[in-house]
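Features as listed in TrEMBL:
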type   : residues : note
DOMAIN : 206-259  : domain 'HNH'
Amino acid sequence: MIWAIYVSDKPHSRVNFPIGMSNGIWGVHESKKKTIKRIEANDYVVFVYSISWLKAEGTPPKGFSRVGKDKLDLFRGSVQKIIFGKVTRAYYQDEKEVWPDDTYPHRFNFEILERHDNGVMFGTEFYHSSFVEAVRYSACTQGSITEVNDIKNLTQLKGVSSENVGDYGVDEGKPIYRVHKTRERDPKLTKDKKQQVLSITGKLCCEICNFDFYECYGDLGLGFAECHHLEPLALRESNKKTKLDDLAILCANCHRMIHYPTQWLSVEELKEKYERQRNKSIDKSTERV
C-alpha cells in the first residue's frame, strides 16, 4: 500500500514537519485517525511539502492549492520537498511528547528511503495521476493520510508523460515544460546567445560535456547548439525579460538530461554527474589496459 500526505507551509508545519522527518515519526489528531489506522508495516508513505503556483504561469487558480478533482491538471507547480519513506511500525497510539504545539497521538514510524528538496516540479505532467489526485485530496482535507489508488510500488509514481518530458513536441498536457521551452525558443535570443559565445570562444561547445557539433559533423553542424534557461521556473516572473547571461549552450543530449528528472538539474549539477561518470569509464579502461 502507498499513502500520500500533503503538508502545508503554515507556521506550525514549518516546525513540526522537520521534527517528524528527523525522528521518523508522523502523527495526527483524533479527527484524522480513520485512515492512519489502516497503515501497516512495510507500506510506503510519500510526504509532499508545500506546493506553489509558478509565477511564470501567471495568476494561480482561485483558492490554490485547493482545487477540485475535476481540475486535477491545475494542481501543479513547484513543491519544496518530496520525501519517500517505508513504514517501520504500524499504527499505534501514544501520548509521548514529540511536537511542541500538540500531541498528535495517532502515529506510525517510518524510515526515509529517498528525498528531494528545493523546487521539485509536481503535477500530472511529472507524476502518475493517481498519486497527484491523492496529494490533491490530502491538501484539500488538511493533510489527511490518503491511499494512492491503482499503484502498487514506488516506481509507478512517475507518470508516463514524465518519461517524455524532454520531447520536442510539447502538448497541452505538459504546461510547465511548455512555459519553460517558450523562453528557450525565442529565435532572436537564441541567435544572439550563440553569436556572443562564438565571439568569445570561437566555437559552440556544450557547457556540460564540451561536445561541438561543428567539430563532429563539419559544415552540417556549423552554428548548431541548443539554449537552456538557467533560472528555475518557480522564481521566474511571467513578464521578466530574459538576458543572454540567463542562457547556457548545451548539446541536445545534455539538454534532454537536464530536464529529465522531476527536480530539474542545474548546469553545474549535471556537469558534476557527467564528470563523475566519465572518470569511472576512464578508470575502467585503464584497468583493462
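Residue numbering: from 1, along the chain as shown.
Even glycines carry a Cβ here, placed using N, Cα and C.
Here the domain 'HNH' (206-259) is broken down by DSSP into helix, strand and coil counts: 23 helix, 9 strand, 22 coil. Confidence annotation: the domain 'HNH' (206-259) carries a mean pLDDT of 85 in the model.
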